[in-house]
Amino acid sequence: MTAALTLDGVSKRYGDFQAVRDLSFEVEKGTICGFLGPNGAGKTSTIRMILGLQPATAGRITILGADDGRKVRDRIGFLPEERGLYKKMTPVDAIAFFGALKGLPTGEGRRRAREMLDAQGLGASKRKKMKELSKGMSQKVQLIASVVHRPEFVILDEPFSGLDPVNQQGLEAMIRGLAADGATVLFSTHVMQHAERLCDKVVLLARGNKAFEGTVAEARATTPRFLELEGAIAPDQAAGLPGVSGVEVVSEADGVRVLKAGLVSGGRGQDALKAAFLNGLDVRRFELREPSLHDAFIGLTGDNPDQDQSVKAAEAAR
Amino acid sequence: MKRTLLIARREFAAYAKTVGFWLSLLAFPIFGVLGGAIPILMKSSEPVREVVVVEEGPQAAGLAAAVQTALKEDQARRDKQRQEAEANIQAAAGGTSGGNAAKGALSGLDGPKIAIVAAPADLSAAAPGAAREAVARHYLGDEVDKADRLDAVVLLNRADGKPTARVWSRRATDSSVQRFVRTALKEEYRREVFEKAGIDATVVSSTAAFDPDVTTLSPKSASGGEVSFRDQLPMIIGLASGFILWSLIITGASILLNSVMEEKSNKILEVLLSSASATEILTGKVLGVALLTMTVLLVWGGIGAAGLIAGLPQYAPMIGEVLLSSGLLFYFAAYAVGGYLMYAVLFAAIGAFCETPRDAQTLMGPIMMILVVPLLVMQMAIRTPDAPVVQIMSWIPFFTPFLMSARAPSEPPMIEIVGTMAGMFAFALLMVWVAGRAFRAGALSDVKLSWKAFGAAIGRGR
């Protein structure tokens, strides 16, 4: 497959603060790539460098064959992390305006805007002003505005933030639709579940460094499966079971504990279960669990993706 | 270019489509008209004050007559002035409606409206002093019928041979009768003193009324000799141009500042930057607001021209001639472009760092202080356009548009016109470059605005 985006040894430094360090990865044409990491990991800085809004301190970026995102800006759609549209414009006018900036004739932009708003269930809000729309509606309008010109490459910075579960599902469907139409999608998020459901490939970023690049399955495979045990059972009793390595207490109440016990490579759940039964352990629930992307992220980086690593403080300091 | 025009069009439409813009646009001429008309209306609707003048005994004999005579003379003097003014207007206007309008305005601006009426019998009959004052109070109060009510009672007397007066007024704050009586008594006393010195009373009054005929001449006047209103017109136009330019530039630059701040706070700038370059955005916004400013100028100019043609048609061709013949229109346009460019890009760059007006205050304070300076110097530039301080300040690009607009009618040396204009445009281009860098950096920055951050952003560019 041909790469729509290539980053080669890209770094970004703000004064003394290293926001992105020696980052390299590729996104193939027509795929959905998740760019994952906690807030402040360097995702937005990287996206701004890809778009050419900020220069890289070092390294090389190639997008749609160009060495500067600004040269191909009409072929890119971008949804920024912090969203906003002109409050006094109607959704149709706003979408047509941003489409026109990307070279779409205004008339065609308005036609597509109406069509896409109808498809997203916003037909009744077409004539309202943006300030009259709910946050979820505004985000949908902004997403439409960023793709109305049918870009070849779509970059979405934290597209799910602030959306309720229903709208998150709708947005996932839109992203799948964009990819089905042949667009390459790169979206950043710190919520791993979206990436698990959507992505052909993920790039994990932690403290400005790439922690992983590959498919979701490959990411999960980096982390061992584990057992979840519930009952009046002590951690050292669980640790003594065959194939088990490392036990942590998830919760404890009235002498009943929930334990998470890692399985060593080649370790089998049924051996551990049999031993627990033979040893007369009080096990009331026994589950063999596959690791999630969230677990894989923690395993790969030692960071929790839900925790903030904000660079903003560093940026403010400079 | 297409993106620049799209941004300019949106910027223009965003304001031009609002009712508030047209209201504020029309507010200036409306308040201008009201500002001129209200004093005239107030004056013309002012009631005539009915005043009684009473002498407090034989020692005050003649003072009431003197006050009465002063009132008649004052009225005669104002009538004469009005007739002369009317004659001048009629001569220039050829008896059109404009002349009539001006005539009405002049007659409405006459002095205090006072009518001396006969004293009520009980007031005349009352004993001088406290008893008469008690009656006077009665006639000034609300308990008296409106028909019998007086506005003022003047009790005339003498102390050490000099005229004195106690003015009882219906309204405590109305000092017009008191002022008039003071002047009349001063005049009477002077007449008496001169008379005692053996000088004829008619000589005294004619001397006091003497108004020398002073003619102003200048080799630079249109006739090469006597200075007429036509010669003063460029100066008036220059001052007006300077002020209009100042207010237009400030209005335009402020609109731009607010627009960029709104886009920054609504997170629109980042989306715009992914669709257009910082230069295209800045140029588009500056152009859009320039169109808006031109709309304001055209509307103000249109209203002003229509008002001039309807109200003072004799001056309209004269003003048109001055604007076209002296190249003032060209100067005004050139200084407007240069001045607007300088301030607009600077304000836009500041806006790119700010999300609220409070954020902008750090930098706007010193800039507004700079902007007040030309307002103060402009008046001096009109009176003494070649004063060294005015000449030097005209070379400072931030002041050039306003001071040179005001000085242009006095025909400063060509080297100054060309030099200051070149300096202004060179500096405007520098400002475009500086502001472009600051705008690009500010648009994506969360850094709190300060002079240090602003300077660093200019150095870094993005």
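Glycine residues also receive a Cβ, built from the backbone N, Cα and C atoms like all the rest.
Automatic prediction, not curation, is the source of TrEMBL annotations.
For B:75-85, the entry in TrEMBL reads compositional bias 'Basic and acidic residues'.
Sequence annotations record features per position, and here TrEMBL assigns compositional bias 'Low complexity' to B:91-100.
The feature domain 'ABC-2 type transporter transmembrane' is assigned by TrEMBL to B:21-435.
For B:75-100, the entry in TrEMBL reads region 'Disordered'.
The transmembrane segment annotation in TrEMBL covers B:21-42 (among others).
Per TrEMBL, the feature transmembrane segment maps to B:235-257 (among others).
Under the heading transmembrane segment, TrEMBL lists B:286-309 (among others).
Annotation source TrEMBL lists transmembrane segment at B:329-351 (among others).
The transmembrane segment annotation in TrEMBL covers B:363-382 (among others). With a cut-off of 8 Å between Cβ atoms, the residues of this chain six or more beyond the transmembrane segment (B:363-382) that come close are 235, 238-239, 242-243, 246, 250, 257, 346, 350, 389-390, 393-394, 398-399, 402-403, 406-407, 410, 449, 451, 454.
When Cβ-Cβ distances below 8 Å are used as the criterion, the transmembrane segment (B:417-436) is approached by residues 278-279, 282, 331, 334-335, 338-339, 341-342, 345-346, 348-349, 394-395, 397-398, 400-401, 404, 408, 458 of the same chain, each at least six residues removed from its ends. Marked as transmembrane segment by TrEMBL: B:417-436 (among others).
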Count the residues of the compositional bias 'Basic and acidic residues' (B:75-85) that DSSP assigns to helix (H, G, I), to strand (E, B) and to coil, and report the three numbers in that order.
11 helix, 0 strand, 0 coil
What same-chain residues lie close to the transmembrane segment (B:329-351): Cβ under 8 Å, and 6 or more beyond its ends?
241, 245, 248-250, 252-254, 256-261, 264, 282, 285-286, 289-290, 293, 297, 323, 360, 363-364, 367, 397-398, 400-402, 404-405, 408, 417, 421, 424-425, 427-428, 431-432, 434-436, 438-439, 442, 449, 454
